[in-house]
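Below: the structure, in structure tokens.
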Amino acid sequence: VENVRLLDRLSSRKAALGTLYLTATHVIFVENVSETRKETWVLHSQISSIEKQATTATGCPLLIRCKNFQVIQLVIPQERDCHDVYISLIRLARPVKYEELYCFSFNPKLDKEEREQGWKLVDLNEEYNRMGIPNNYWQISDVNRDYGVCDSYPTEVYVPKSATAHIIVGSSKFRSRRRFPALSYYCKDNNASICRSSQPLSGFSARCLEDEQMLQAIRKANPGSDFIYVVDTRPKLNAMANRAAGKGYENEDNYSNIKFQFIGIENIHVMRNSLQKMLEVCELKSPSMSDFLWGLENSGWLKHIKAIMDAGIFIAKAVAEEGVSVLVHCSDGWDRTAQVCSVASLLLDPYYRTMKGFMVLIEKDWVSFGHKFNHRYGNLDGDPKEISPVIDQFIECVWQLMEQFPCAFEFNERFLIHIQHHIYSCQFGNFLCNSQKERRELKIQERTYSLWAHLWKNRADYLNPLYRSDHSQTQGTLRPQMAPCNFLYKFWSGMYNRFEKGLHPRQSVTDYLMAVKEETQQLEEELEALGERLANLQKSQLNDNKVKCKQQDRSKQLGLSTSDNSLANTPQEYSNDLKSFPSRSPSQGDEDDSALILTQDNLKSSDPDLSANSDQESGVEDLSCRSPSGGGCLPSEDSGKDSDEAVFLA
Amino acid sequence: MLRSSQPLTGPNRKRCREDEMLLGMVLDEGERGFIIDTRSAQAAKQARMTGGGTEPKSSYPQWRRLHRPLERGRPLQESFIKLVEACNDTSINMDRWLSRLESCRWLSHVKAALSTACLAAQCMDREEASVLVGRGADGTDTTRLVTALAQVILDPSCRTLVGFQGLLEREWIEAGHPFHLRCARSAYSHARLKQEAPLFLLFLDCVWQLSRQFPFSLEFSEHLLLTLFDNAYASAYGTFLCNNEKERCLCKVKESTHSLWAWLNQPGEKKKYLNPLYSPNALVIWPSVEPQSIQLWQGLFFRWIRSSQYLDEAWAEIQRLVQGN
């Protein structure tokens, strides 16, 4: 469709005119401006909702909201065209079959072996070995090898040595969705462990010998403690209500040596609404500080993040400080349980704070343990009530921790943002379907590519320059301040306002420090090489020519690195041309960097939004529209009689 | 950029030829100027009843007036006190923290101050127009906040350690910000003095917001801002004593005390106040004043409440990386 306008969310005057294309996998807007022909690409999988707004004199507006929080506003001149686009997008954004998803057509031009290698990058067996299993207390069980016991669990589960197949099967019959207690994390220093399951089908008075034996087995696997914690991550009221439906929670009287604890985290519906409300705050035009803070509080979002974090902290403390094992569950054991177990693991074990370790953590607690990616993130069209930002919340917990402990993580914010992006993008096969069983049936590994391999290949972009594996902050358990700490939870504008460049610090400290680090490393290598040559020179005669050549190489090399450095920390040429400011346009690329234009090739080999923090220019804020006096720019006696003034102030 | 107090127009719309000539001389033929009045339009109107007022358009034809009300005086001090109370209150749940923060209004004041300073800067830089910032009864408080901030935004030399000190001397100390009155007891005192108001702190907070948004552009670190805050209220040095130059002369401040700047600028001390990421940036720095971009200055308001260990370690690491290079 031609003559479509792409509006800037914050300033409706800054509209770009161009052509809109719909392909099998993307919506593409290409600007008419011939020098740049800037492109905006949106994957259909990313589309969360499409809103057709009332036709105005200028055309028919269409608002596209994405799961990665990008909001695109188009104005299509003809109502009929707008309607066609709307209908098409509705269909395209709601695929019915897996084969419609991008990952089945995505081609990064790797051969079959490379694809396989990519999938092998993260190996959970290796991970459990790293933890120290199997050992005297824990072993691998193949009781679920054909998914016969629990179809949402992996084929390989780790259980206490004393848990026989009979006990496991018996316990699984007493658990919601058959999700029996299984190992998530084992701490070899003190034998404490974190196990996870779903709720017991205890109703008001039902009991199950094997389930009780299972919990005993977990306790016995930790000789250092004579009890285990059972943590129910639901609010007490919800758990009690479940009893009426024949489910519920563990009765301390029936299970010997458990200490039961509720740590209330709300359910998926509350979280879905919370995010919705928060995004509405983000969409406010020129909000006051008041509007923003009230709106944010009203959404309850940060409160929920803190609840998840607090639960993780409780469990980490139990394991690290008390040396007591913990069994965690919620209702079905695939949402809050996953969040809480992975936060706790991250706090406990520095390995999960490395890039590789983090990938392993997600594979372990989310992918292998059957988190319902398809239902939660809408790979396919499904029940809207199943949609919920569960893993988004976990990813935000990690970011909050990164802000509190800047040296403790090997990876940076961009890593988290790209992972979130790809959970929704369906460009890679890792996060498809609802369980390992479904993924194997679809032969995901043979037909799609692994995100982990892609991220690993580009890992230089994701490093945290402040991380040093020998730094004190990276050792051992992380201990976030418990209270008072409300203020420690910040609004993550890097994620929820990701595409609004004007909001973020214009200069990326991360990129600059990485460049500095690299240059230092290069110089040190230089120094070493020169030192060696000097030693050689002193030993034997070298002819003049050779030495001269080396010198030339060195200066070329230095020249290259210094210019990279200056790119990284010197803002671009400042001009009066409005166009060259970092507009708050919802496009995905940095308009001044042609390498970031999203061509098909680029998308296949790199991630869409590479410029989240690299915008160097100090741009103009159209400030008068954000005056504290609210909507209008000027009080009536001064209102724009002078047209020049109106232009700059309005 | 000019600073002044309000014209004494009064209810009878008095005029003053000399004042009109003075303002006229600032602008060339055909040029335009902006007057940024830090009172609301209504407050300005009311001021006329008590002898003050605004420059009538007919007498000052080349000047356009804009109103950007900024809080000052008692309400600002109250805002500060409430914020400090909220920060110290360990009983607040996450459910109510943000609304409590909002009710202090401090961040709204920061947003308003930054926006107004940016507006002044925008007038000068984009419109190439002169700006007159006024007013308040004595034109000292909020006008100063705006002009000083606008300079940090516009002028790279004000962002150097030496330049910033110069700015403080010029815009705050020599220009007669009544430190003695304004920075008397701070937030914990029950005394609620009439003249006390944390304008200087508001300025420092705004500068901190700039440093956060432009981490490479200020030569000095947060540590300097915290030190300035401390010394404005209680100091071993005479720099922030008294209310104006006249009083300082009378009290013989220069003869009987030491200067904070002299101490700060000693080579051994100086490095503590430098920003390791500093790289001279000749451009104007335009901050975002969206609510998401304005944050609570944790380094100041939570200074004694939470450990800064991990952040300090991060800065030490940054220092190490940069120096190693």
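Including glycine, each Cβ sits where the backbone N, Cα and C put it.
According to TrEMBL, the features are:
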DOMAIN    A:118-496  domain 'Myotubularin phosphatase'
BINDING   A:ASN267, A:ILE268, A:CYS330, A:SER331, A:ASP332, A:GLY333, A:TRP334, A:ASP335, A:ARG336  substrate binding site
DOMAIN    A:299-343  domain 'Tyrosine specific protein phosphatases'
ACT_SITE  A:CYS330  active site, phosphocysteine intermediate
REGION    A:544-650  region 'Disordered'
COMPBIAS  A:545-556  compositional bias 'Basic and acidic residues'
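Overlay of TrEMBL feature records on the structure.
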residue: A:ASN267; record: substrate binding site; DSSP class: coil
residue: A:CYS330; record: substrate binding site; DSSP class: coil
residue: A:ARG336; record: substrate binding site; DSSP class: helix
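Taking the Cβ of A:ASP332 (substrate binding site) as reference, residues of its chain lying under 8 Å away and at least six apart in sequence are, in sequence order, A:SER176, A:ARG177, A:ARG179, A:SER198, A:GLN199.
Neighbour counts of Cβ atoms within 10 Å were compared across the binding-site residues A:ASN267, A:CYS330, A:TRP334, A:ARG336; the minimum falls on A:ASN267. Taking the domain 'Tyrosine specific protein phosphatases' (A:299-343) as a whole, pLDDT averages 96 in the prediction.
Apart from the site residues A:ASN267, A:ILE268, A:CYS330, A:SER331, A:ASP332, A:GLY333, A:TRP334, A:ASP335, A:ARG336, the chain places the Cβ of A:SER198, A:THR233, A:ARG234, A:THR337 no farther than 8 Å from the centroid of the site's Cβ atoms, the recorded substrate location.
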